[in-house]
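**Q** Here's a structure for you.
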């Protein structure tokens, strides 16, 4: 992958670089006239088609043969070996192969003449041979059908953790073999490479895909992919193979190429991934802008690479970088290997041999295809007989050179600045003659010059030769003499310009000749290629019209000043860079490489009539009969003149009108720039008063709250989704409890989701805290604005002058408008913050229980009151079960959960009832009786208290009948002036009830009911821990509407809670105070009689165990009946 940054500024002097058609980058030494794959400064390859491994020394790479054997390439010594250069061991992948080292691992002449039929990553390198003769040196005796792919786990490129990540996320990837199932993988796009992992922890890379050699696009119907939001990554070589072969699928897989299919979850994710991956795939073309990746990809025949003829060894090709700086082999990207099995790959072994080889070569393409295919890159050896080079301005060759050398398809020619003006004049005449003869040739004119003096029109009978000593590009693949042209291509592209060229390629020569616009368009392309090749906007190339060439050379050869330059459209113009001084360049090198951003990312720029050669220029192609505004190619450097072809075939008046229109367009552009410069530099005052400042800050805080609300809402949605999925996994865990394999998979998924859930909850809590802080600040600002409003209203009332009142009124209106606009969101913010502070459902008590006041500050704290841990509000069933639970709770003199609170009289409306029948919290154990009451009697021994557990069946039946009758008679609704007893008190406590009821300030207010709980009095002189632990804390709940008369009544002893527990009375009816007291009195009498009856029997049973004591009999606390 990209181990070094490519760029003109990063290269030393006399160095340049070239880009192969498949995206590989090599470097050219203009002094030694040789090529290398290694960057001259870093000593590492940038993109040579092989893998860079971290465990290899500098200048080493790993390659793979067609059979799948791994070998190592030393670009420093230009050798290959199967052994690791550091460990000296064979790769574990080669265990199934029989490897045989050759004594001379360098490439031989015979090897360079033969082209392997398939190779890794669409490259022809020294290490990717498929035959015994064309291998990197070591022989592979065992042949195998194993196909290497970068996406495999073992051959994956190691990811550099220091490179920032562009995009990461989940995608579905289709398997390359088997049933081609879709698997969900975690993908990371970094360092122009797509890595994928099993999960988001990114622990072990499953595979990697180097994107610069791929094109990413949505799936097509022929892909037979029915999955939604699917897209694919197709290798550039695969694309040409698909368009040229009907059986490209299997052949592509067999030749080492592969198409990757991906699927996103949403359309937005798919668009984002396709955009990011395409940008990574085109990074080389964007960084250099010397060759547009889109155009390189569109070319239907292999584009020749930079190839240098080395003086020491007389060889050409980027193979120098793999084998040696002075020896190498052809490294040609062949996109049509399936159709060209018999073609031969030749290299220049010596000047004479090279001439003989090139004289035999023939071009299978028509002249129009020649121009269309070799427009952007100065291609390989396609020229006339070599002649001594002469220095010409801008790299233009004298007229004696064949036009094929000047139209961008000739060999590389070194050029130097001119010294005399006659040379410039000769250049103009030469170019003019070339244009005319080329136009005649396109129209089939028999009066054209001899074949070797025309523009690029090379037929089968034309002889080809090279300049003698220095070639920039290797030979492109050619058909044998007499071979037919390849079928038309239709390569997709993002630019309309590419579509025009693709449709142009589909046309036959006759159609092209018949289409008059096609001729003009080809002439325009040739002109632009000439100017691009020679790298200067001031190279005067005056073109004649095809219509004028038939009438002679003397008509209307307009030479328009080069400064008149009309861009095609503002969106196609890259912004001009700052002026820089560049060292002497190669003639065909563009003056500047400018990154062209997509249209949606460009900013509008103004292009002036600057004379800088680095300004991008556009042009609208027109003729007399058809006006077609074509899109120009996005190139780092393009020179478009107003002269050619938009002025062809027009009279003087038409030409004047055309030039006037162009100048008006430029005037408009200049007007915008002048207005920009003449803008007033008057400072801007945002706020006029402190009211403006305060309101702006207030609105800013509202925006902060909105952003936080959006984040919290998104996090909550993610949390809910994760929790729902985890709930399903929990059910699956229970369902597949007997299947360990399923359990392991489910547990692994559950672990990952739980980690994500923890992360989301932590983020949600953090955002909620920020939301709460922002809300507090919002309330503070709101209060400040309200105070400011009141102040302004007061000033408005006291203001005397009309102007002052008007200004204050404006400020008041501003405040009113802002507050009215913000009021819509305020309620949402408040609900969100309150949901965090006070959630609706409180399953676990997050706060202490409601506090209980004491009788006085001098009294000691009451003993603890145990409570069920499940809910702070006790249900009626829990109240009945509570005495049984109290037996096992030890005594604590200072309970931590009880605190003193404000008296209910001070805040009588704080308690908000929700359910009328819910019982209030149970009060703590009482300590003292009121002074006027008699002290209670000593409770009975534990063995007597347990007799109630052995009540006879007849006694229990009698109690049950009485309770049933009471329920039938007591179904009445309490009024506000009636007393409702929620629990039961003993007889000594009833004696003091009248005094307690007169003191409502000592009561408890339930949190969700309107009842006041009056705590009963405990034992004043009790010292026994057993007695205290076994004493039940009775309490009475009264309506707040109690009057003094009803509170002074003397109540009989009610039935204890323990008796109610054994009686099974689970439905309590609402009874009046009189009915309830009467019922309790009857029960008390029945209990006393029953106790006396069974007293003797209880002494004989002998079960005195305090551990089983639930509570003392309430009747024994003071039997007054």
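Heads up, residue numbers simply count up from 1 along the chain you see.
The backbone N, Cα and C atoms fix where each Cβ goes, glycine too.
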**Q** According to Swiss-Prot, phosphoserine sits on which of 363, 612, 930?
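**A** Out of 363, 612, 930, Swiss-Prot attaches the phosphoserine annotation to 612.
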**Q** Quick one: which of 309, 608, 646 has phosphoserine in Swiss-Prot?
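**A** Per Swiss-Prot, the residue annotated as phosphoserine is 608.
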**Q** Swiss-Prot annotates one residue of 217, 366, 536 as phosphoserine; which residue is it?
**A** 536
**Q** On average, what pLDDT score does this prediction assign to the region 'Interaction with CTNND1' (538-696)?
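**A** That stretch averages a pLDDT of 51.
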**Q** When secondary structure is assigned with DSSP, how many helix, strand and coil residues does the compositional bias 'Basic residues' (1082-1094) contain?
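**A** Helix (H, G, I), strand (E, B), coil: 12 helix, 0 strand, 1 coil.
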